[in-house]
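S.K.: First, the structure itself, so that you have it in front of you.
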Amino acid sequence: MRYNPLQTRPINPKRDLALYGYGSVAWKNRVEWKRKQQHKIQKVSSDGEGSDLNDFDGHCDIPKCAESKQQLSRKLPIPSSKINPYRIVIILRLAILALFFHYRIRNPVHDAYWLWLTSVICEIWFAFSWILDQFPKWYPIKRETYLDRLSLRYEKEGKPSELAPIDIFVSTVDPVKEPPLITANTVLSILAVDYPVDKVCCYVSDDGAAMLTFEALTETCLFARKWVPFCKKHKIEPRAPEWYFAQKIDYLREKVHPEFVRERRAMKREYEEFKVRINAVVANSHKVPEGGWVLPEGAPWHGNNVRDHAGMVQVITGHDCVMDDAGNKLPWLVYVSREKRPGYDHHKKAGALNALLRTSAILSNAPFVLNVDCDHYINNSKALREAMCFLMDPVLGEKNCYVQFPQRFDGIDQHDRYSNHNVVFFDINMKGLDGIQGPIYVGTGCVFRRHALYGYDAPTATKPPSKTCNCWPMTCCLCCRSKRKCLKAKKKQENQKKVKCRDASKKVHALEVTEIGKENAILVPQEKFEKRFGQSQAFLASTLQESGEACRFDMLKSLDDCMHVLSCGYENKTQWGKEVGWIYGSVTEDILTGFKMHCHGWRSVYCMPRRPAFKGSAPINLTDRLHQVLRWALGSVEIFLSKHCPVWYGYQCGLKPLERLSYINSVIYPWTSIPLIIYCALPAFCFLSGKFMVPEMNIYSSILFIALFVSIAATSILEMQWGGVGIDDWWRNEQFWVIGGVSSHLFALCQGLLKVLGGVSTKFRVTLKGGDTNEFSELYEFKWTWLLVPPMTLLLLNVVGVLAGVSKAITDGYESWGPLLGKLFFSCWVILHLHPFLKGVMGKQDRVPTIIVVFSVLLAAIFSLLWVRVNPFTIKFDGPVLEVCGLECE
């Protein structure tokens, strides 16, 4: 019997292997060549050309001109004419709420006691949720940056740039839901960013180990040679070609230089050809050979088995043989795919980011790290400089752990039916948090300080540096930074201290201060140091070096170290995911990671440049949007049921009280789904039972209700005024708060309880990114999900209740219309808030899908029949019926 080997083929047989760069995936006979280049590179480095990576922190020679000594940013408080009335209204609203609940509790409805009691409990919970959301917005601020001062301070004429290096992390996992063209545009915008080329390293994490993603990045490298010099020559915005060429601007109408028009047309043709090549790679990837993919030289692709493959690291651009068409070097572009084996918990996105954090520490070791999703391109080429105005500020920069940018989106329908822009959160809530201890981390568009990700405590300004260990940047540090210039708090003199770390074979490896405020640093055995960071000597050495001092050219030695830190068992018995890096334990690793940093005493900064720094795509389909909200709410439930819940975690640390309130609100909001669903169903039950949850109104109660509604409206109007939010955005946010609350939040609560208490795991669903050629065609597409049933049931219940109530009022006559108005108000409130949901399930065909109608009618009928049969909110009396006879017994 003859053996027939499985058929294999490369996804692009004509690919020149030299275009892949060098790394664990492919290395075209460069080993000897690289060794020959070592002597030349070391000679160049010794001449001082690489010294710009070392003195980035501003303690070097500073120009003596007055402007260079000024701060790089400043706070802009909200004008008192706007913020003072807002605070007064909040206090008045608290007083009105106290009077309202005093009236509600002291005046029960005896003939519908349980109906009244349920409504009061729901209203108390809503008031508690409002307090958690409102008070963190007590000190809203804005910020202003000075890019000219940044350049004056760190980019001196005739000297190398002293701006800090930045490692940029791009995360992707599924090339089907996250099309390669979207990822390519994000990478192109990073490679063309307005920042020194030798200070930027782009790492793409492919957690799906897809050959398609790797080939698309190789094509992107080819196009970047033309795109990057074009962007920098003409200073265009944005620098993602898909969105740049989609701008509806008539360049021939204005007085534009003919050379630019000619080059723009040529570049657009190049981009169209690039898209054709990408689409060809995508088409070829649909037919996977039986034996899996291979490289053009015949070597097998390591990611043929997505769940069982070795790690991969490939430097595609950044080496000397890759230049753009203008003869300049391109920023580093590194493809990374961590090792995956059956039986290991890989921790989804947080695990992938931690793998990138370790790999980048070995290769580039930049002091700052930017992470973006694959669909979030850089819309403002000066975004990195904006962040550096806060992180490299000589006065306040050391205390900032990260700079968070707001999320902005392209491709949203004009009316933003499902509140994808989330303007209320990004333009109101985040400004309020910025005035306390800083905004929460939202998962993308955030520039981190690497030391903060390593779990260090923030530097304390009130206490002088330790006598034994004076190293910057923090009092509580894990390792003594060699060659670091420190400033003593009292003497204000610069002292330089060199610390030599012993070999790995010795017992002592680093210095550590175990507690905040401890006067003397103590020596820590190497075993304890390895238990925190792992057993990679190369990674441990990177933590002992100056940030940015990694040997970028020694790929021969660094490759094995990278493979070590990418192994799936590296994090076992370490503090990764617990105290170091992105924190595990929730599908929303962003909230946990930012929360832990704030507990360590760090501050964060909210940066809102006039031109949005980043833009991305959002799901405009109702089902995809509900699943996205479901994932966020599920993560909050997981945090609430974990030891890291802000209700009981992190006291006696650096977390401020109002900041804690915001974190409590971010993990407790899914629980509001229970009272919200009950409250939305109560009006229908009132119609069906003929009772009402509010007692008969009098003058005092009418004044209370009117004052409460006026205070709610006044608070919202004043928030929109100082936050710059339109009435449409506010109303869409209110509507989707109800839609998501009665659907996604409820399911997230159930799934979270099953996962944490019952051990039932949930599947991570990747949100669909972009992709359709027809504008807004996805908006009308119907996708079945159980998330659609609860809102539709509530709609039917309230519609049936309104019809029944109006019919009964017409039958009973004029006197029954008075009590009907209150019930109509609450039912119409529910229907108006669920109106976008109704439009979503009807789609473009103006009809509700049959399956939704069947399930919703069935549930509405069951609840109605149970209500008629049980009628639980009416007091039962089994004694004799007593009537007034009209006779005087005496």
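Backbone N, Cα and C define each Cβ position, glycine as well.
Per TrEMBL, the features are:
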TRANSMEM  83-101  transmembrane segment
TRANSMEM  113-132  transmembrane segment
BINDING   Ser171, Lys177, Glu178, Asp207, Lys348  UDP-alpha-D-glucose binding site
ACT_SITE  Asp207  active site
BINDING   Lys349, Asp373  Mn(2+) binding site
ACT_SITE  Asp590  active site
TRANSMEM  668-687  transmembrane segment
TRANSMEM  699-717  transmembrane segment
TRANSMEM  737-757  transmembrane segment
TRANSMEM  784-805  transmembrane segment
TRANSMEM  817-838  transmembrane segment
TRANSMEM  850-870  transmembrane segment
S.K.: How many whole Å apart are the CA atoms of Asp373 (Mn(2+) binding site) and Lys348 (UDP-alpha-D-glucose binding site)?
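M.R.: Taking the Cα atoms only, Asp373 (Mn(2+) binding site) lies 14 Å from Lys348 (UDP-alpha-D-glucose binding site).
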S.K.: Are there residues at least six beyond either end of the transmembrane segment (699-717) with Cβ under 8 Å to its Cβ atoms? List them, or say none.
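M.R.: Counting only partners 6 or more residues beyond its ends, the transmembrane segment (699-717) has Cβ contacts under 8 Å with 86, 89-90, 92-93, 96-97, 99-100, 103, 107, 134, 730.
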S.K.: Spatially, and counting Cα to Cα, which of the binding-site residues is closest to Asp590 (active site)? Options: Ser171, Lys177, Asp207, Lys349.
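M.R.: With Cα distances computed to Asp590 (active site), the winner among Ser171, Lys177, Asp207, Lys349 is Lys349.
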S.K.: Answer with yes or no whether the transmembrane segment (83-101) touches the transmembrane segment (784-805) by the criterion of at least three Cβ pairs under 8 A, sequence separation 6 or more.
M.R.: no
S.K.: Give residue numbers and ranges for long-range contacts of the transmembrane segment (817-838): same chain, 6 or more residues beyond its ends, CB-CB under 8 A.
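M.R.: Same-chain contacts beyond the ends: 417-418, 622, 680, 682-684, 686-687, 692, 694, 697, 732, 734-736, 738-739, 742, 788, 791-792, 794-795, 798-799, 801-802, 805-806, 809, 848.
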S.K.: Check the Cα-Cα distances from Lys349 (Mn(2+) binding site) to the binding-site residues Ser171, Lys177, Glu178 and tell me which is shortest.
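M.R.: Nearest candidate: Ser171.
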S.K.: In terms of Cβ proximity under 8 Å, which residues at least six beyond the ends of the transmembrane segment (737-757) contact it?
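M.R.: For the transmembrane segment (737-757), the nonlocal Cβ contacts are 418, 626-627, 629-634, 636-638, 640-642, 669-674, 676-677, 680, 786-788, 790-791, 794, 830, 833-834, 836-837.
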S.K.: Go through Glu178, Asp590, the listed recorded positions, and name the one with the sparsest Cβ surroundings, counting other Cβ atoms within 10 Å.
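M.R.: Each of the recorded positions Glu178, Asp590 was scored; lowest Cβ tally within 10 Å is Asp590.
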S.K.: Counting all other Cβ atoms within 10 Å across every protein chain shown, which of the binding-site residues Lys177, Lys348, Lys349 scores highest?
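M.R.: Its Cβ has the most other Cβ atoms within 10 Å: Lys349.
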S.K.: I'd like the Cβ neighbour count for Ser171 (UDP-alpha-D-glucose binding site), meaning other Cβ atoms within 10 Å of its Cβ, all protein chains included.
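M.R.: Excluding its own Cβ, Ser171 (UDP-alpha-D-glucose binding site) sees 22 Cβ atoms within 10 Å.
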